[in-house]
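Some notes on the structure that comes next.
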Amino acid sequence: MILSNLKLGVEVVGAHNLLPKDGQGSSSSFVELYFDGQRFRTTIKEKDLSPVWNETFYFNISDPSNLHMLVLDAYVYNNIRATQSRSFLGKITINGTSFVPYSDSVVLHYPLEKRSIFSRVRGELGLKVYIIDDPSIKSSTPISAANDTQVHSHSAQTPAPKIPRSEVRHTFHHLPNPNHPPQQQQAPPPVAVYPQGTRYMTEDMKVPEPQPPPQLVRMHSATMAQPVDYALKETSPFLGGGRVVGGRVIRTDRMSGCTYDLVEKMHFLFVRVVKARELPAMDVTGSVDPYVEVRIGNYKGITKHIEKSQNPLWNVVFAFTRERMQASVLEVVVKDKDLLKDDFVGLCRFDLNEVPMRVPPDSPLAPEWYRLADKKGEKIKGELMLAVWIGTQADEAFPDAWHSDAALSVDTAASTLIRSKVYHAPRLWYVRVNVVEAQDLLPTEKTRFPDAYVKVQIGNQVLKTKPVQARTFNPLWNEDLLFVAAEPFEDNLVLTVEDRVAPGKDEIIGRVIIPLSMVEKRADDKMIHSRWFNLEKPVAIDIDQLKKEKFSSRLHLRVCLDGGYHVLDESTHYSSDLRPTAKQLWRPPIGVLELGVLNAVGLHPMKTRDGKGTSDTYCVAKYGHKWVRTRTIVDNLCPKYNEQYTWEVFDPATVLTVGVFDNSHLGDKGSNGTKDLKVGKVRIRISTLETGRVYTHSYPLLVLHPTGVKKMGELHLAIRFTCTSFANMLYKYSCPLLPKMHYVRPFTVMQLDMLRHQAVNIVAMRLGRAEPPLRKEVVEYMSDVDSHLWSMRRSKANFFRLMSIFTGLFAVGKWFGDICLWKNPITTVLVHVLFLMLVSFPELILPTVFLYMFLIGVWNYRYRPRYPPHMNTKLSQAESVHPDELDEEFDTFPTSRGPELVRMRYDRLRSVAGRIQTVVGDVATQGERFQSLLSWRDPRATALFVTFCLIAALVLYVTPFQVIAALIGIYMMRHPRFRHRLPSVPINFFRRLPARTDSML
């Protein structure tokens, strides 16, 4: 689009509850506006604490591509006529990212802010700010600073676009100041670039709607540039009766917010069908099989039918989206289930205009008995107990209701699979089994000593000790075996002592079964009490033979439930909970995390229904033990969820994960199997969120496919982190990341990988038994179970991440090299002076370093990120990855590819590993050369170095350190004419030192 005459329109509507400043309990207020070097002023409203101006001003936008970098400042002043001065009443600042087209603009009431910590302000200012591109509108004449106290009014000559206005507009005229000339009105260039994320109004846009949709106002990208379509976008939706601007909810009216203030308020018509009584008999047998059909327009919900009952009980709730309802009458029809055609029993009609509104925390509406009527409206036998009301998402009936927007084409049987639910993952424990020894083992063949080992099993987890080949019947193992168990404990601990009779043939000697509920729990590393357990024979034995045996076989064990650890059931990089298992070790929460799942747009079709692509999507959010699932929106590529959830936060170094999935269990043929398909996910680290700020962003759902990276749509979220204890939050930064036991008795990497795999399986099994189930593929995707598998793409990404870390160090080295080469003599001389000052006063070195870091931090504050980080395709090497490398990443484990392809990949891996091997060897060589300085491996080199050390010690003893340091520094920064192109003597000496490469095979 070609930009022409682009302007910023500002309508100053009025102020409310201003601070009196004239000494008589009132103020004579006016507003000054500043934008892009231009300034306008309203008229003065005498003696009015709630003035109304209704004046409109238009600013020129000199460079539309930099609009998101500009700000609009509005200052409210009190005019002091006696002294021709003014006093401050408050100000507001609006970023350019909040400017929207005229069609989306509304009047917002901004609370006035202080100019400094000593200012005293109150009240709010109502403004309407918008972008307009209309050639017929002329910019207002800006005022200069020459005569700020003179006020002249005139009628505005340019009405708002498309809407005739007759009100008088006022502004100021001043003589131009030669020191501050007004900005000239320049026509924009023929082709211009939009500010990122801003949509402008065109000629054909209509009058603004009262509730515009969420508006995109700015796009964000990470430090590494990536396509704009993959970037994070900031939105400005209406949440809880207000609009989010710059992280704050600005109220559009004087009403207070609702409890669900992070989602767009949606109204639903709720119908609770409780039961019926004394229904008329419809069959020849004198019975009836009733069910209820709730209809409004084209939407209807049906209860299940009750076999042969004239007094049925249903107790179900139906929810119909109010904005989609096209009828004014609600019909609740009772029908009789029949083989061929269902019979009509009776109905109840309700006028929607008479339906009451319920606002929590009001008590639920009490159901009433309604007499059934026939189709003509005449009363018949039978009554139906109903409750009908209009509510929002805050209603208690919302989660369990049958939703018309979610289940329009889903039968009643599948409706339970699409409801929103909250899940609590089970509390996981590490089970430590220390197998010490056995006593008096009795193998089948009593002529040989047993080759014994112990197999330990909990559910599907099986571990074995090493076989003991000792010439004794009392083998000793003393091995620790670790397992994962979940409360409530359903599986027993089973230990089996087996004898390896021959290769591939084992015989059971005895077994011990221990209920986990009887196992001792501990929260630290205290000593575990050991116990002897008698081994039970696995098969029936002769009682008389057992009486003849003097001793029975026993097993010595130490078993405990370790509650001092945090059971890692997710990737350590994206952990959402770091608390230990034992609740007595938990600390108070530091804050509350609130998530509003607003909507998704542009979703990629995941299935085909009725010849067109569609999706049945739902969102899953995971943080700590609490998992939440929104309702499934059926047959919709732009679903609106508008559901809000809350978590307690115990550590800022945790991550919230939100995933979008396609429900494949609704019974249609296009469901692509029995697994729910992943659409994409979002990760948000709590420590990157400012406290009290509302983050409203549109997150691109990026998924890596075998064909490359693909955008599956965008997910709109609203997030707020509220700190309840600032001191506890700061204290958390000094605490270890994991509980104490992870450092006192750490696990190996192999143990952690095995235990994490078992923990994910247990959580998936438990959540899969809920109703509706949270299936295994969902749990695995949210927990990043495959993050440890090999990937050439990830390896490259991690290498470039490592290189970017040292970029600053390399830049400093290059800068110092330029100093030594005297490329800029002035800079080099200044560095020499600074160096000599620090050498002369070494006590200034550390203060200078810390002061420099402080200044860098303060300077970078203005460039701090204003949004949570998001997945970056360039950082992940997803844009430049080779197709074969992607195919290798998506290959199963073990591989399912052909031998030739595996051979090629193996050769490529050998090539990459060979280069890594060379680099590691070179680093090891340099370290070994340092060791050989004093090891006399090279007697002549060590003798030279020892002699040099003695001379250096004597020289340093009699010479001040400042002199030595100054000489070394000046020598290193000497002029190039005093340099040689060959390496220096110390480098030559070091490179000649021997390393242990000679001993390598």
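Cβ coordinates come from backbone N, Cα and C, glycine included.
Just so you know, TrEMBL annotations are computer predictions that nobody has curated.
TrEMBL lists 1-110 (among others) with the feature domain 'C2'.
What TrEMBL records for 141-163 is region 'Disordered'.
If you look up TrEMBL, you'll see 141-158 marked as compositional bias 'Polar residues'.
Taken from TrEMBL, the feature domain 'C2' applies to 250-370 (among others).
Among the features that TrEMBL reports, domain 'C2' is placed at 409-533 (among others).
Summarising the annotation, TrEMBL assigns domain 'C2' to 574-699 (among others).
Residues of the same chain lying 6 or more positions beyond the ends of the transmembrane segment (799-817) and with a Cβ under 8 Å from any Cβ of it are 875, 877. The transmembrane segment feature in TrEMBL is assigned to 799-817 (among others).
The transmembrane segment annotation in TrEMBL covers 829-859 (among others). With a cut-off of 8 Å between Cβ atoms, the residues of this chain six or more beyond the transmembrane segment (829-859) that come close are 819, 961-962, 965-966, 969-970, 973.
What TrEMBL records for 943-971 (among others) is transmembrane segment. Long-range contacts of the transmembrane segment (943-971) within the same chain: residues 832, 835-836, 839-840, 842, 933-934, 989, each at least 6 residues beyond the stretch ends and with a Cβ under 8 Å from a Cβ of the stretch.
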- Best-packed against the domain 'C2' (409-533), counting Cβ pairs under 8 Å over 1-110, 250-370, 574-699, is stretch 574-699
- Message: Within the domain 'C2' (574-699), what mean pLDDT does the predicted structure show?
- Response: 88
- If you run through the domain 'C2' (1-110) with DSSP, how many residues end up as helix, strand and coil? 12 helix, 57 strand, 41 coil
